[in-house]
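Here Swiss-Prot flags Asp266, Asp457 as active site, drawing on sequence analysis. Per Swiss-Prot, compositional bias 'Acidic residues' is recorded for 183-203. The disulfide bond feature in Swiss-Prot is assigned to Cys39-Cys51, Cys42-Cys48, Cys279-Cys284, Cys447-Cys448, Cys482-Cys521; the stated evidence is experimental evidence. Residues annotated as domain 'Peptidase A1' in Swiss-Prot: 248-567. Per Swiss-Prot, the feature N-linked glycosylation site maps to Asn334; the stated evidence is experimental evidence. Marked as region 'Disordered' by Swiss-Prot: 167-211. For 1-26, the entry in Swiss-Prot reads signal peptide, with the evidence type sequence analysis.
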Amino acid sequence: MKRISPLNTLFYLSLFFSYTFKGLKCTRIYKIGTKALPCSECHDVFDCTGCLFEEKESSHVIPLKLNKKNPNDHKKLQKHHESLKLGDVKYYVNRGEGISGSLGTSSGNTLDDMDLINEEINKKRTNAQLDEKNFLDFTTYNKNKAQDISDHLSDIQKHVYEQDAQKGNKNFTNNENNSDNENNSDNENNSDNENNLDNENNLDNENNSDNSSIEKNFIALENKNATVEQTKENIFLVPLKHLRDSQFVGELLVGTPPQTVYPIFDTGSTNVWVVTTACEEESCKKVRRYDPNKSKTFRRSFIEKNLHIVFGSGSISGSVGTDTFMLGKHLVRNQTFGLVESESNNNKNGGDNIFDYISFEGIVGLGFPGMLSAGNIPFFDNLLKQNPNVDPQFSFYISPYDGKSTLIIGGISKSFYEGDIYMLPVLKESYWEVKLDELYIGKERICCDEESYVIFDTGTSYNTMPSSQMKTFLNLIHSTACTEQNYKDILKSYPIIKYVFGELIIELHPEEYMILNDDVCMPAYMQIDVPSERNHAYLLGSLSFMRNFFTVFVRGTESRPSMVGVARAKSKN
(Lines of atoms letter the chains of each structure in order from A and count residues from 1; the text may use other names and numbers.)
(Lines give C-alpha, C1' and ligand atoms only; values in the text may rest on other atoms or scores of the structure.)
Protein backbone atom coordinates (compact mmCIF):
# COMPACT_ATOMS: atom_id res chain seq x y z
CA MET A 1 0.00 0.00 0.00
CA LYS A 2 1.39 3.37 -1.06
CA ARG A 3 2.07 5.75 1.81
CA ILE A 4 1.05 9.41 1.62
CA SER A 5 3.99 11.69 2.23
CA PRO A 6 3.85 14.22 5.11
CA LEU A 7 4.06 17.05 2.57
CA ASN A 8 0.97 15.78 0.73
CA THR A 9 -0.88 15.37 4.02
CA LEU A 10 0.00 18.92 5.01
CA PHE A 11 -1.13 20.18 1.58
CA TYR A 12 -4.55 18.50 1.77
CA LEU A 13 -5.07 19.64 5.36
CA SER A 14 -4.29 23.22 4.38
CA LEU A 15 -6.82 23.01 1.54
CA PHE A 16 -9.44 21.63 3.92
CA PHE A 17 -8.93 24.32 6.56
CA SER A 18 -8.75 27.03 3.90
CA TYR A 19 -12.07 25.92 2.41
CA THR A 20 -13.67 25.55 5.85
CA PHE A 21 -12.44 28.95 7.00
CA LYS A 22 -13.59 30.52 3.76
CA GLY A 23 -17.04 29.01 4.26
CA LEU A 24 -17.19 30.18 7.85
CA LYS A 25 -16.18 33.69 6.84
CA CYS A 26 -18.96 33.74 4.29
CA THR A 27 -21.69 32.16 6.35
CA ARG A 28 -21.01 34.18 9.48
CA ILE A 29 -22.31 37.22 7.62
CA TYR A 30 -25.82 36.15 8.41
CA LYS A 31 -25.39 34.51 11.82
CA ILE A 32 -27.39 36.08 14.62
CA GLY A 33 -25.30 38.27 16.88
CA THR A 34 -22.31 38.47 14.54
CA LYS A 35 -21.13 41.19 12.23
CA ALA A 36 -21.07 40.77 8.46
CA LEU A 37 -17.93 40.77 6.38
CA PRO A 38 -17.34 44.09 4.61
CA CYS A 39 -17.27 43.72 0.83
CA SER A 40 -13.58 44.71 0.78
CA GLU A 41 -12.74 41.63 2.89
CA CYS A 42 -14.87 39.19 0.89
CA HIS A 43 -12.58 38.23 -1.99
CA ASP A 44 -15.24 36.32 -3.91
CA VAL A 45 -18.74 37.69 -3.37
CA PHE A 46 -20.23 34.84 -5.41
CA ASP A 47 -18.81 32.32 -2.92
CA CYS A 48 -20.03 34.41 -0.01
CA THR A 49 -23.37 35.06 -1.75
CA GLY A 50 -22.95 38.69 -0.82
CA CYS A 51 -21.19 40.95 1.66
CA LEU A 52 -21.76 44.00 3.85
CA PHE A 53 -21.99 47.41 2.18
CA GLU A 54 -19.28 49.84 3.32
CA GLU A 55 -21.29 52.97 3.82
CA LYS A 56 -20.63 55.89 1.55
CA GLU A 57 -22.75 58.87 2.54
CA SER A 58 -23.87 61.17 -0.25
CA SER A 59 -25.58 64.56 -0.14
CA HIS A 60 -26.64 64.36 -3.80
CA VAL A 61 -30.33 63.72 -3.23
CA ILE A 62 -33.02 63.90 -5.94
CA PRO A 63 -36.55 64.13 -4.46
CA LEU A 64 -39.05 61.83 -6.18
CA LYS A 65 -42.81 62.10 -6.37
CA LEU A 66 -45.39 59.44 -7.15
CA ASN A 67 -47.04 59.88 -10.53
CA LYS A 68 -50.12 57.68 -10.84
CA LYS A 69 -53.28 57.85 -12.93
CA ASN A 70 -55.47 56.74 -10.02
CA PRO A 71 -53.64 56.29 -6.71
CA ASN A 72 -56.40 54.16 -5.20
CA ASP A 73 -57.19 51.91 -8.14
CA HIS A 74 -55.96 48.33 -7.86
CA LYS A 75 -58.96 46.90 -9.68
CA LYS A 76 -56.85 45.90 -12.67
CA LEU A 77 -54.75 43.68 -10.40
CA GLN A 78 -57.89 42.05 -9.01
CA LYS A 79 -59.11 41.34 -12.55
CA HIS A 80 -55.69 39.96 -13.38
CA HIS A 81 -56.05 37.48 -10.51
CA GLU A 82 -59.58 36.56 -11.58
CA SER A 83 -58.38 35.69 -15.09
CA LEU A 84 -55.94 33.16 -13.61
CA LYS A 85 -58.46 31.08 -11.66
CA LEU A 86 -58.79 28.31 -14.25
CA GLY A 87 -55.04 28.02 -14.70
CA ASP A 88 -55.13 28.43 -18.49
CA VAL A 89 -53.78 32.01 -18.84
CA LYS A 90 -50.16 33.13 -19.03
CA TYR A 91 -49.09 36.78 -19.10
CA TYR A 92 -45.62 37.56 -20.37
CA VAL A 93 -43.26 40.35 -21.29
CA ASN A 94 -40.22 40.18 -23.55
CA ARG A 95 -36.79 41.55 -22.75
CA GLY A 96 -36.60 44.41 -25.24
CA GLU A 97 -35.85 48.11 -25.18
CA GLY A 98 -38.79 50.51 -25.44
CA ILE A 99 -40.05 53.93 -24.53
CA SER A 100 -41.85 52.43 -21.54
CA GLY A 101 -38.85 50.59 -20.20
CA SER A 102 -37.01 47.46 -21.18
CA LEU A 103 -39.35 44.86 -19.71
CA GLY A 104 -42.05 44.90 -22.33
CA THR A 105 -42.90 44.21 -25.96
CA SER A 106 -43.52 46.53 -28.88
CA SER A 107 -47.12 45.35 -29.04
CA GLY A 108 -49.68 43.86 -26.73
CA ASN A 109 -51.59 45.14 -23.73
CA THR A 110 -51.18 47.41 -20.75
CA LEU A 111 -52.36 46.87 -17.20
CA ASP A 112 -55.28 49.16 -17.98
CA ASP A 113 -56.54 46.69 -20.59
CA MET A 114 -57.67 44.04 -18.09
CA ASP A 115 -61.36 44.42 -18.99
CA LEU A 116 -60.62 43.84 -22.67
CA ILE A 117 -58.24 41.00 -21.86
CA ASN A 118 -60.84 39.24 -19.70
CA GLU A 119 -63.48 39.69 -22.38
CA GLU A 120 -61.21 38.19 -25.03
CA ILE A 121 -60.16 35.29 -22.78
CA ASN A 122 -63.76 34.45 -21.86
CA LYS A 123 -64.76 34.57 -25.53
CA LYS A 124 -62.00 32.15 -26.45
CA ARG A 125 -62.84 29.93 -23.48
CA THR A 126 -66.46 29.77 -24.63
CA ASN A 127 -65.42 28.82 -28.14
CA ALA A 128 -63.08 26.15 -26.77
CA GLN A 129 -65.88 24.76 -24.59
CA LEU A 130 -68.25 24.66 -27.57
CA ASP A 131 -65.64 22.80 -29.58
CA GLU A 132 -65.18 20.41 -26.68
CA LYS A 133 -68.95 19.86 -26.45
CA ASN A 134 -69.15 19.18 -30.17
CA PHE A 135 -66.34 16.70 -29.81
CA LEU A 136 -68.12 14.93 -26.94
CA ASP A 137 -71.36 14.78 -28.95
CA PHE A 138 -69.45 13.23 -31.80
CA THR A 139 -67.83 10.54 -29.65
CA THR A 140 -71.15 9.78 -27.93
CA TYR A 141 -72.84 9.19 -31.27
CA ASN A 142 -70.01 7.08 -32.61
CA LYS A 143 -70.28 4.46 -29.88
CA ASN A 144 -67.99 2.00 -31.57
CA LYS A 145 -65.12 4.51 -31.62
CA ALA A 146 -65.67 6.23 -28.29
CA GLN A 147 -63.24 4.06 -26.35
CA ASP A 148 -60.59 4.23 -29.06
CA ILE A 149 -60.72 8.02 -29.16
CA SER A 150 -60.62 8.21 -25.37
CA ASP A 151 -57.46 6.10 -25.38
CA HIS A 152 -55.80 8.52 -27.79
CA LEU A 153 -56.67 11.70 -25.86
CA SER A 154 -53.42 11.82 -23.93
CA ASP A 155 -51.28 11.33 -27.01
CA ILE A 156 -52.80 13.56 -29.69
CA GLN A 157 -52.95 17.34 -29.82
CA LYS A 158 -56.41 18.65 -29.06
CA HIS A 159 -56.73 20.66 -32.25
CA VAL A 160 -56.93 17.43 -34.28
CA TYR A 161 -59.99 16.39 -32.33
CA GLU A 162 -61.56 19.79 -32.70
CA GLN A 163 -61.27 19.41 -36.46
CA ASP A 164 -62.73 15.90 -36.25
CA ALA A 165 -65.52 17.13 -34.02
CA GLN A 166 -66.61 19.65 -36.63
CA LYS A 167 -66.61 16.93 -39.26
CA GLY A 168 -68.51 14.64 -36.90
CA ASN A 169 -71.23 17.23 -36.32
CA LYS A 170 -71.87 17.52 -40.03
CA ASN A 171 -72.08 13.75 -40.35
CA PHE A 172 -74.34 13.55 -37.33
CA THR A 173 -76.76 16.07 -38.83
CA ASN A 174 -76.79 14.31 -42.15
CA ASN A 175 -77.46 11.02 -40.45
CA GLU A 176 -80.43 12.45 -38.56
CA ASN A 177 -81.90 13.66 -41.84
CA ASN A 178 -81.41 10.23 -43.36
CA SER A 179 -82.84 7.99 -40.67
CA ASP A 180 -83.69 5.23 -43.17
CA ASN A 181 -80.01 4.74 -43.90
CA GLU A 182 -78.86 5.34 -40.33
CA ASN A 183 -77.20 2.01 -39.69
CA ASN A 184 -75.37 1.88 -43.01
CA SER A 185 -74.30 5.50 -42.70
CA ASP A 186 -73.14 4.91 -39.15
CA ASN A 187 -70.95 2.02 -40.16
CA GLU A 188 -69.50 3.94 -43.10
CA ASN A 189 -68.81 6.98 -40.93
CA ASN A 190 -67.15 4.82 -38.30
CA SER A 191 -64.93 3.21 -40.90
CA ASP A 192 -64.05 6.53 -42.53
CA ASN A 193 -63.44 8.25 -39.23
CA GLU A 194 -61.28 5.39 -38.04
CA ASN A 195 -59.05 5.63 -41.09
CA ASN A 196 -58.97 9.43 -41.01
CA LEU A 197 -58.24 9.47 -37.32
CA ASP A 198 -55.41 6.99 -37.64
CA ASN A 199 -53.93 8.95 -40.55
CA GLU A 200 -54.21 12.28 -38.75
CA ASN A 201 -52.87 10.69 -35.60
CA ASN A 202 -49.77 9.43 -37.39
CA LEU A 203 -49.26 12.75 -39.17
CA ASP A 204 -49.73 14.70 -35.95
CA ASN A 205 -47.32 12.53 -34.03
CA GLU A 206 -44.71 12.98 -36.78
CA ASN A 207 -45.13 16.76 -36.78
CA ASN A 208 -45.17 16.99 -32.98
CA SER A 209 -42.54 14.47 -31.96
CA ASP A 210 -41.03 17.13 -29.73
CA ASN A 211 -43.96 18.04 -27.52
CA SER A 212 -42.20 20.99 -25.89
CA SER A 213 -43.55 22.76 -22.84
CA ILE A 214 -45.79 25.80 -23.18
CA GLU A 215 -43.06 27.98 -21.68
CA LYS A 216 -40.92 27.25 -24.74
CA ASN A 217 -43.83 27.71 -27.10
CA PHE A 218 -44.78 31.21 -26.07
CA ILE A 219 -41.21 32.51 -26.06
CA ALA A 220 -41.10 31.92 -29.81
CA LEU A 221 -44.38 33.70 -30.54
CA GLU A 222 -44.23 36.79 -32.72
CA ASN A 223 -46.87 39.26 -31.61
CA LYS A 224 -48.52 41.36 -34.27
CA ASN A 225 -50.73 43.59 -32.14
CA ALA A 226 -52.52 40.51 -30.83
CA THR A 227 -54.44 40.87 -27.61
CA VAL A 228 -54.56 37.19 -26.67
CA GLU A 229 -52.82 34.26 -28.34
CA GLN A 230 -54.33 30.77 -28.08
CA THR A 231 -52.16 27.65 -28.25
CA LYS A 232 -53.11 24.20 -29.45
CA GLU A 233 -53.47 23.18 -25.81
CA ASN A 234 -55.99 26.01 -25.21
CA ILE A 235 -53.56 28.03 -23.12
CA PHE A 236 -54.21 31.76 -23.51
CA LEU A 237 -51.04 33.86 -23.81
CA VAL A 238 -51.33 37.57 -23.02
CA PRO A 239 -48.44 39.81 -24.14
CA LEU A 240 -47.91 42.96 -22.07
CA LYS A 241 -46.23 46.06 -23.47
CA HIS A 242 -44.87 46.93 -20.05
CA LEU A 243 -45.63 46.53 -16.36
CA ARG A 244 -46.07 50.19 -15.51
CA ASP A 245 -48.81 51.29 -13.17
CA SER A 246 -47.15 53.89 -10.96
CA GLN A 247 -44.00 55.87 -11.59
CA PHE A 248 -41.66 57.84 -9.39
CA VAL A 249 -40.44 60.93 -11.20
CA GLY A 250 -37.82 63.52 -10.30
CA GLU A 251 -36.50 66.83 -11.60
CA LEU A 252 -34.10 66.82 -14.55
CA LEU A 253 -32.76 69.95 -16.28
CA VAL A 254 -32.20 69.76 -20.05
CA GLY A 255 -30.55 72.30 -22.36
CA THR A 256 -29.04 75.79 -22.10
CA PRO A 257 -30.72 77.67 -20.53
CA PRO A 258 -32.10 74.70 -18.57
CA GLN A 259 -35.65 73.45 -19.10
CA THR A 260 -37.28 71.35 -16.38
CA VAL A 261 -38.82 67.94 -17.06
CA TYR A 262 -39.86 65.20 -14.65
CA PRO A 263 -38.77 61.82 -16.07
CA ILE A 264 -39.08 58.32 -14.65
CA PHE A 265 -35.82 56.98 -13.17
CA ASP A 266 -35.89 53.38 -14.32
CA THR A 267 -33.48 50.59 -13.37
CA GLY A 268 -35.19 48.37 -15.97
CA SER A 269 -33.96 50.30 -19.03
CA THR A 270 -30.92 52.22 -20.25
CA ASN A 271 -31.92 54.86 -22.80
CA VAL A 272 -32.95 58.48 -22.19
CA TRP A 273 -36.15 59.83 -23.80
CA VAL A 274 -37.79 63.26 -23.50
CA VAL A 275 -41.15 64.51 -24.82
CA THR A 276 -40.70 67.60 -27.01
CA THR A 277 -42.82 70.55 -28.15
CA ALA A 278 -42.85 69.06 -31.65
CA CYS A 279 -45.41 66.56 -30.38
CA GLU A 280 -48.70 68.40 -30.94
CA GLU A 281 -51.15 65.62 -30.04
CA GLU A 282 -53.47 66.48 -27.17
CA SER A 283 -52.01 63.71 -25.02
CA CYS A 284 -48.53 65.23 -25.46
CA LYS A 285 -49.81 68.65 -24.45
CA LYS A 286 -50.89 67.24 -21.09
CA VAL A 287 -47.27 66.86 -20.00
CA ARG A 288 -44.31 69.22 -19.66
CA ARG A 289 -42.35 69.30 -22.94
CA TYR A 290 -38.77 70.13 -23.85
CA ASP A 291 -38.16 72.62 -26.69
CA PRO A 292 -34.83 71.92 -28.46
CA ASN A 293 -35.07 75.22 -30.37
CA LYS A 294 -34.63 77.13 -27.11
CA SER A 295 -31.42 75.31 -26.18
CA LYS A 296 -28.05 76.70 -27.31
CA THR A 297 -26.35 73.37 -26.64
CA PHE A 298 -28.77 71.09 -28.50
CA ARG A 299 -27.37 69.27 -31.52
CA ARG A 300 -29.41 67.00 -33.74
CA SER A 301 -27.72 63.69 -34.49
CA PHE A 302 -25.88 63.42 -37.83
CA ILE A 303 -26.54 59.69 -37.84
CA GLU A 304 -29.68 58.66 -39.70
CA LYS A 305 -31.28 57.07 -36.66
CA ASN A 306 -34.84 57.96 -35.77
CA LEU A 307 -37.04 57.03 -32.87
CA HIS A 308 -40.07 54.97 -33.86
CA ILE A 309 -41.76 52.59 -31.45
CA VAL A 310 -44.97 50.73 -32.26
CA PHE A 311 -47.47 49.91 -29.53
CA GLY A 312 -50.64 47.85 -29.64
CA SER A 313 -52.81 50.95 -29.85
CA GLY A 314 -50.52 53.29 -31.76
CA SER A 315 -46.97 54.53 -32.02
CA ILE A 316 -44.58 57.31 -31.07
CA SER A 317 -41.94 58.77 -33.35
CA GLY A 318 -39.10 61.22 -33.16
CA SER A 319 -35.39 61.75 -33.64
CA VAL A 320 -32.10 61.50 -31.78
CA GLY A 321 -29.95 64.37 -30.55
CA THR A 322 -27.50 65.51 -27.88
CA ASP A 323 -27.73 68.19 -25.21
CA THR A 324 -26.54 69.15 -21.75
CA PHE A 325 -28.32 67.62 -18.75
CA MET A 326 -28.17 68.43 -15.07
CA LEU A 327 -29.27 65.94 -12.41
CA GLY A 328 -29.04 67.55 -9.00
CA LYS A 329 -25.57 69.10 -8.89
CA HIS A 330 -24.15 66.89 -11.64
CA LEU A 331 -23.64 68.33 -15.12
CA VAL A 332 -23.67 65.87 -18.05
CA ARG A 333 -22.64 67.33 -21.42
CA ASN A 334 -23.19 65.85 -24.88
CA GLN A 335 -25.67 63.24 -23.73
CA THR A 336 -27.43 61.38 -26.55
CA PHE A 337 -31.17 60.98 -26.06
CA GLY A 338 -34.39 60.36 -27.94
CA LEU A 339 -36.80 63.21 -28.72
CA VAL A 340 -40.47 62.20 -28.84
CA GLU A 341 -42.03 64.34 -31.61
CA SER A 342 -45.32 62.66 -32.50
CA GLU A 343 -47.82 60.14 -31.23
CA SER A 344 -50.60 58.32 -33.04
CA ASN A 345 -53.48 56.19 -31.80
CA ASN A 346 -54.48 53.45 -34.20
CA ASN A 347 -57.22 52.09 -31.98
CA LYS A 348 -60.48 52.35 -33.94
CA ASN A 349 -62.45 52.18 -30.71
CA GLY A 350 -60.61 55.13 -29.22
CA GLY A 351 -58.71 54.64 -25.98
CA ASP A 352 -55.77 56.26 -24.26
CA ASN A 353 -52.48 57.11 -25.89
CA ILE A 354 -49.28 56.23 -24.08
CA PHE A 355 -49.05 59.64 -22.38
CA ASP A 356 -52.61 59.28 -21.12
CA TYR A 357 -51.95 56.13 -19.17
CA ILE A 358 -48.31 56.79 -18.25
CA SER A 359 -48.29 60.60 -18.12
CA PHE A 360 -44.51 60.76 -18.25
CA GLU A 361 -42.27 63.54 -19.54
CA GLY A 362 -39.24 61.37 -20.13
CA ILE A 363 -37.30 58.33 -18.98
CA VAL A 364 -33.78 58.14 -17.58
CA GLY A 365 -32.63 54.53 -17.86
CA LEU A 366 -30.26 53.42 -15.10
CA GLY A 367 -29.61 49.94 -16.49
CA PHE A 368 -26.39 48.65 -18.00
CA PRO A 369 -24.70 49.67 -21.30
CA GLY A 370 -25.60 46.34 -22.90
CA MET A 371 -29.20 47.50 -23.37
CA LEU A 372 -28.33 50.89 -24.88
CA SER A 373 -29.85 51.61 -28.30
CA ALA A 374 -29.45 55.42 -28.54
CA GLY A 375 -25.92 56.83 -28.46
CA ASN A 376 -22.59 55.38 -27.36
CA ILE A 377 -22.71 55.88 -23.60
CA PRO A 378 -25.60 55.62 -21.12
CA PHE A 379 -26.59 58.57 -18.98
CA PHE A 380 -25.19 57.25 -15.68
CA ASP A 381 -21.90 56.19 -17.30
CA ASN A 382 -21.57 59.65 -18.84
CA LEU A 383 -22.31 61.24 -15.47
CA LEU A 384 -19.54 59.18 -13.83
CA LYS A 385 -17.08 59.98 -16.63
CA GLN A 386 -17.64 63.74 -16.36
CA ASN A 387 -17.89 63.78 -12.55
CA PRO A 388 -14.97 61.58 -11.39
CA ASN A 389 -15.55 62.37 -7.71
CA VAL A 390 -18.92 60.59 -7.80
CA ASP A 391 -18.84 56.96 -6.67
CA PRO A 392 -20.41 54.53 -9.20
CA GLN A 393 -23.53 53.84 -7.18
CA PHE A 394 -27.04 55.13 -6.56
CA SER A 395 -29.84 54.20 -4.21
CA PHE A 396 -33.62 54.47 -3.92
CA TYR A 397 -35.82 55.17 -0.94
CA ILE A 398 -39.54 54.78 -1.72
CA SER A 399 -41.66 56.27 1.05
CA PRO A 400 -44.57 54.11 2.32
CA TYR A 401 -46.65 57.29 2.56
CA ASP A 402 -45.89 58.84 -0.85
CA GLY A 403 -43.83 61.42 1.01
CA LYS A 404 -40.05 61.78 0.86
CA SER A 405 -39.20 59.27 -1.84
CA THR A 406 -35.63 59.86 -2.96
CA LEU A 407 -32.96 58.97 -5.52
CA ILE A 408 -29.45 59.34 -4.10
CA ILE A 409 -26.53 59.68 -6.53
CA GLY A 410 -23.07 58.47 -5.47
CA GLY A 411 -23.97 56.69 -2.24
CA ILE A 412 -26.58 56.31 0.47
CA SER A 413 -28.17 58.23 3.32
CA LYS A 414 -28.43 56.62 6.78
CA SER A 415 -31.65 58.48 7.44
CA PHE A 416 -33.54 56.15 5.07
CA TYR A 417 -32.72 52.67 6.42
CA GLU A 418 -31.97 50.70 9.55
CA GLY A 419 -29.56 47.84 10.23
CA ASP A 420 -27.02 46.67 7.66
CA ILE A 421 -27.09 46.79 3.88
CA TYR A 422 -26.40 43.35 2.41
CA MET A 423 -24.93 43.30 -1.08
CA LEU A 424 -25.77 40.61 -3.66
CA PRO A 425 -23.73 40.08 -6.87
CA VAL A 426 -25.37 40.75 -10.24
CA LEU A 427 -25.41 37.69 -12.50
CA LYS A 428 -25.33 39.41 -15.87
CA GLU A 429 -24.95 43.12 -16.53
CA SER A 430 -28.09 43.85 -18.49
CA TYR A 431 -30.74 44.04 -15.78
CA TRP A 432 -30.05 44.43 -12.08
CA GLU A 433 -30.64 40.73 -11.49
CA VAL A 434 -29.32 38.41 -8.78
CA LYS A 435 -29.53 34.68 -8.16
CA LEU A 436 -32.53 33.47 -6.15
CA ASP A 437 -31.90 30.24 -4.21
CA GLU A 438 -35.26 29.59 -2.56
CA LEU A 439 -38.69 31.12 -2.11
CA TYR A 440 -41.05 30.22 0.72
CA ILE A 441 -44.70 31.03 1.33
CA GLY A 442 -44.85 30.35 5.04
CA LYS A 443 -43.31 26.87 5.32
CA GLU A 444 -44.13 25.93 1.72
CA ARG A 445 -41.11 26.01 -0.61
CA ILE A 446 -42.22 26.96 -4.14
CA CYS A 447 -38.82 27.70 -5.74
CA CYS A 448 -36.11 27.01 -6.95
CA ASP A 449 -35.39 23.54 -8.35
CA GLU A 450 -34.30 25.24 -11.56
CA GLU A 451 -31.99 28.25 -11.73
CA SER A 452 -33.98 31.37 -10.91
CA TYR A 453 -33.26 35.01 -10.32
CA VAL A 454 -34.71 38.29 -9.07
CA ILE A 455 -34.80 41.55 -11.05
CA PHE A 456 -34.91 44.78 -9.02
CA ASP A 457 -36.96 47.15 -11.17
CA THR A 458 -37.97 50.66 -10.09
CA GLY A 459 -40.18 50.91 -13.19
CA THR A 460 -42.46 48.05 -12.10
CA SER A 461 -45.10 48.60 -9.42
CA TYR A 462 -46.06 45.10 -8.30
CA ASN A 463 -43.96 42.05 -7.54
CA THR A 464 -44.30 39.16 -9.98
CA MET A 465 -44.34 35.37 -10.10
CA PRO A 466 -43.82 33.17 -13.18
CA SER A 467 -46.78 31.07 -14.30
CA SER A 468 -45.20 27.87 -12.97
CA GLN A 469 -45.55 29.18 -9.40
CA MET A 470 -48.54 31.54 -9.55
CA LYS A 471 -51.27 28.93 -9.08
CA THR A 472 -49.59 27.61 -5.95
CA PHE A 473 -49.03 31.17 -4.78
CA LEU A 474 -52.72 32.13 -5.13
CA ASN A 475 -53.78 28.94 -3.37
CA LEU A 476 -51.59 29.85 -0.41
CA ILE A 477 -52.25 33.60 -0.46
CA HIS A 478 -55.76 34.38 -1.63
CA SER A 479 -57.85 37.54 -1.79
CA THR A 480 -60.39 38.03 0.95
CA ALA A 481 -63.05 40.50 2.06
CA CYS A 482 -61.75 43.12 4.48
CA THR A 483 -62.19 46.75 5.51
CA GLU A 484 -60.05 49.58 6.82
CA GLN A 485 -61.26 48.63 10.29
CA ASN A 486 -60.49 44.91 10.31
CA TYR A 487 -57.80 44.25 7.69
CA LYS A 488 -54.95 44.19 10.24
CA ASP A 489 -56.67 41.42 12.19
CA ILE A 490 -57.45 39.46 9.02
CA LEU A 491 -53.85 39.63 7.79
CA LYS A 492 -52.53 38.07 11.00
CA SER A 493 -53.41 34.65 9.60
CA TYR A 494 -51.45 35.20 6.36
CA PRO A 495 -47.95 33.72 5.89
CA ILE A 496 -44.61 35.50 5.56
CA ILE A 497 -42.99 35.42 2.10
CA LYS A 498 -39.27 34.62 2.28
CA TYR A 499 -36.77 35.26 -0.52
CA VAL A 500 -33.56 33.31 0.14
CA PHE A 501 -30.25 34.50 -1.31
CA GLY A 502 -27.59 32.14 0.05
CA GLU A 503 -27.97 32.56 3.79
CA LEU A 504 -29.58 35.99 3.50
CA ILE A 505 -33.34 35.82 3.98
CA ILE A 506 -35.53 38.77 3.01
CA GLU A 507 -38.97 38.60 4.58
CA LEU A 508 -42.12 40.29 3.32
CA HIS A 509 -44.89 40.42 5.92
CA PRO A 510 -48.61 40.34 5.04
CA GLU A 511 -49.12 44.05 5.68
CA GLU A 512 -46.26 44.70 3.22
CA TYR A 513 -47.35 42.51 0.32
CA MET A 514 -51.15 42.80 0.66
CA ILE A 515 -53.14 45.80 -0.62
CA LEU A 516 -56.67 46.95 0.20
CA ASN A 517 -59.02 47.84 -2.65
CA ASP A 518 -62.82 48.20 -2.47
CA ASP A 519 -63.14 46.10 0.69
CA VAL A 520 -60.94 43.36 -0.74
CA CYS A 521 -57.46 42.47 0.50
CA MET A 522 -55.31 40.98 -2.27
CA PRO A 523 -51.63 40.16 -2.79
CA ALA A 524 -49.71 42.81 -4.75
CA TYR A 525 -48.36 40.17 -7.11
CA MET A 526 -48.88 39.57 -10.81
CA GLN A 527 -48.29 36.47 -12.90
CA ILE A 528 -45.63 37.45 -15.44
CA ASP A 529 -43.24 35.27 -17.42
CA VAL A 530 -39.97 36.88 -18.52
CA PRO A 531 -38.32 34.63 -21.13
CA SER A 532 -34.65 34.18 -20.31
CA GLU A 533 -31.78 31.76 -20.62
CA ARG A 534 -31.83 31.61 -16.82
CA ASN A 535 -35.31 30.15 -16.48
CA HIS A 536 -37.62 31.82 -13.99
CA ALA A 537 -37.58 35.55 -13.22
CA TYR A 538 -39.15 37.16 -10.17
CA LEU A 539 -39.52 40.94 -10.30
CA LEU A 540 -39.42 43.07 -7.16
CA GLY A 541 -41.06 46.42 -7.83
CA SER A 542 -41.27 49.91 -6.41
CA LEU A 543 -44.61 49.76 -4.56
CA SER A 544 -44.64 46.16 -3.33
CA PHE A 545 -40.98 45.78 -2.37
CA MET A 546 -39.00 49.03 -2.34
CA ARG A 547 -41.49 50.73 -0.05
CA ASN A 548 -40.24 48.27 2.55
CA PHE A 549 -36.58 47.94 1.58
CA PHE A 550 -33.96 50.58 0.88
CA THR A 551 -32.21 49.48 -2.33
CA VAL A 552 -28.64 50.26 -3.43
CA PHE A 553 -27.22 49.75 -6.95
CA VAL A 554 -23.41 49.60 -7.26
CA ARG A 555 -21.58 49.37 -10.58
CA GLY A 556 -18.80 46.81 -10.80
CA THR A 557 -15.08 47.11 -11.48
CA GLU A 558 -12.55 44.85 -13.20
CA SER A 559 -12.08 42.92 -9.96
CA ARG A 560 -15.61 42.98 -8.55
CA PRO A 561 -19.06 42.47 -10.09
CA SER A 562 -21.89 44.94 -9.95
CA MET A 563 -24.08 44.46 -6.90
CA VAL A 564 -27.52 45.22 -5.49
CA GLY A 565 -27.85 46.07 -1.81
CA VAL A 566 -30.91 45.65 0.41
CA ALA A 567 -31.70 47.00 3.88
CA ARG A 568 -34.90 47.40 5.86
CA ALA A 569 -36.31 50.87 5.07
CA LYS A 570 -37.27 53.26 7.81
CA SER A 571 -41.02 53.75 7.90
CA LYS A 572 -41.17 57.16 9.59
CA ASN A 573 -39.96 59.27 6.64
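Including glycine, each Cβ sits where the backbone N, Cα and C put it.
Between the CA atoms of Asn334 (N-linked glycosylation site) and Asp266 (active site) there is a gap of 21 Å. Model confidence over the domain 'Peptidase A1' (248-567) is summarised by a mean pLDDT of 86. Nearest Cα neighbour of Asp457 (active site) among the listed recorded positions (Cys39, Asp266, Cys279, Cys448, Cys521): Asp266. Counting in whole angstrom, Cys284 (disulfide bond) lies 36 from Cys521 (disulfide bond) by their C-alpha atoms. Note on Cys448 (disulfide bond): other Cβ atoms within 10 Å of its Cβ, all shown chains, come to 18. Of the recorded residues, Cys448 (disulfide bond) and Cys51 (disulfide bond) place their C-alpha atoms 22 Å from one another. Every protein chain shown contributes to the tally, and the Cβ of Asn334 (N-linked glycosylation site) ends up with 14 other Cβ atoms within 10 Å.
Neighbour density at the Cβ, taken as the number of other Cβ atoms within 10 Å, is lowest among the disulfide-bonded residues Cys51, Cys284 for Cys284. Taking the Cβ of Asp457 (active site) as centre and 10 Å as the limit, one finds 27 other Cβ atoms among all the protein chains shown.
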